[in-house]
Ligand code: NAI
C-alpha cells in the first residue's frame, strides 16, 4: 500500500525553521566551493540542527568558509583543502556528508557524459568517507547519480563498511520541479501539490507518478509534464549556456533532504518520508539493485522503502523504459570500481 508523502511545504519549512535536534550534528560538504556547494553551505549555515559545518573542496574553501562563518547563527564553519590532511579532518566525526563534487553538464551533454570525470572524484571521496566517517549518512548529489551511488556502495564494500541504510542518491530536485511544473499547468500553490517521482535521476529513468497526485490530466498534459519533469534539468543547462547546470534549486532541494536526514537520524524524529535513490528491493528481482521511491527515514537512515503503489498503464510503460537504462547505469558504476581493484 502506498503511503502518501509529506508536503513540500512542510519539508521546505523544516529546512529553515526546524525543531531543534537534541544532539547537534557535524555536516561535511565535499565540493563546497562549487555552484551547488556554496549555495548549499549557505542554506546549511541557517540550519539550527547543525553545530559544525565542514566545507571541503580542492580549492577556494578558505574564502567560502570565512564568508559564511560571519553569518550570526550558532554553527562553527571550517574550510578545508587537501593540504594538511584536510579531507580527513573535514570528515572525522561527521554525521552527514553531502557530496556535490564534480563537473556539471554543458549544453548537449547527458548526465552519463560526466561519468569519466566524476566517477573517479566520487570514488576518491567515498574511499575517504569509508576510512574517516564510516557510519556517516552519505548524500550523493554528483552526477550521474544512477552510477555514482553504486560507486560509493562498492567503495564502502571494499573497505568492509557498507551499510545500505546510510547511502542516499539525492533526487529531491525532481520532486521539487514536479510540484512546481504541475502547479503551473493546474494552478494552486506548489506546496499543496505532492508528486511522487520514482526510478533514477536522468532522462527516462525519472518517472513521475502523476496519477497518484489526485489531479486529472489530459493525455497531452501528461506527455508534456512527464517530458518536462524528466528533462527539466536541460532547461537550466540551456539557459546557463555553457556555465553549468542547476545549482540554486539543487541547493534548496539538497538542504531540504539533508535536514530531513538530520531530523530522523540525529533528532530521532519519526515518520519523515523523502524520495531518494537507495539500494532497494522494489526491482531487485529484475536485476535493478538501486531505485528511487519514497523512503521513510529513521534513526539509522533508511527505515522503510515504500512500494510504487498503483500505477496507470502510462506509468507502467515509463517504468518499463526506465529499468534497462537504470540497470546499465548501475552496472557501469559497479564495474568502474571493480576495474580499479
Ligand atoms: P561546479 O563545477 O560548480 O562545482 C563542483 C565543485 O567540485 C568545484 O568547486 C570543484 O573544485 C569541486 N571538486 C572537484 N573535484 C573535487 C574533489 N576531488 N574533491 C572535492 N571537490 C572537488 O559544479 P556544480 O554545478 O556545483 O555541480 C556539481 C555536481 O552536481 C555535478 O556533477 C552536477 O551534475 C551535479 N548535479 C546534481 C543534481 C542532482 O539533482 N542530483 C542537480 C544538479 C547538479
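Every residue, even glycine, has its Cβ placed from backbone N, Cα and C.
As annotated by TrEMBL, domain 'Lactate/malate dehydrogenase N-terminal' applies to 26-169.
Look at residue 118 (NAD(+) binding site): DSSP puts it in a helix. Around the Cβ of residue 118 (NAD(+) binding site), 22 further Cβ atoms fall within 10 Å across all displayed protein chains. Among the features that TrEMBL reports, NAD(+) binding site is placed at 31, 32, 33, 34, 35, 36, 37, 57, 118, 141, 142, 143, 250.
The Cβ neighbour count for residue 105 (substrate binding site), using a 10 Å radius and every protein chain shown, is 21. What TrEMBL records for 105, 111, 143, 177 is substrate binding site.
According to TrEMBL, the domain 'Lactate/malate dehydrogenase C-terminal' annotation covers 171-337. Computed over the domain 'Lactate/malate dehydrogenase C-terminal' (171-337), the whole-number mean pLDDT of the model equals 97.
Reduced to three states, the DSSP call for residue 201 (active site, proton acceptor) is coil. Taken from TrEMBL, the feature active site, proton acceptor covers 201.
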Binding-site residues compared (35, 37) - highest count of Cβ atoms within 10 Å: 37
Rounded inter-Cα distance in Å - residue 111 (substrate binding site), residue 250 (NAD(+) binding site): 15
Of 105, 142, 177, 250, i.e. the binding-site residues, those within 10 Å of residue 201 (active site, proton acceptor) when Cα atoms are compared: none
Where the C-beta lies under 6 angstroms from ligand 1, the matching binding-site residues among 35, 143, 177: 35, 143
Sorted by sequence, non-105, 111, 143, 177 residues with Cβ within 8 Å of centre, substrate: 104, 144, 145, 201, 202, 233, 237, 245, 246
Recorded positions compared (177, 201) - highest count of Cβ atoms within 10 Å: 201
DSSP-assigned states of the domain 'Lactate/malate dehydrogenase N-terminal' (26-169) in counts, ordered helix, strand, coil: 68 helix, 28 strand, 48 coil
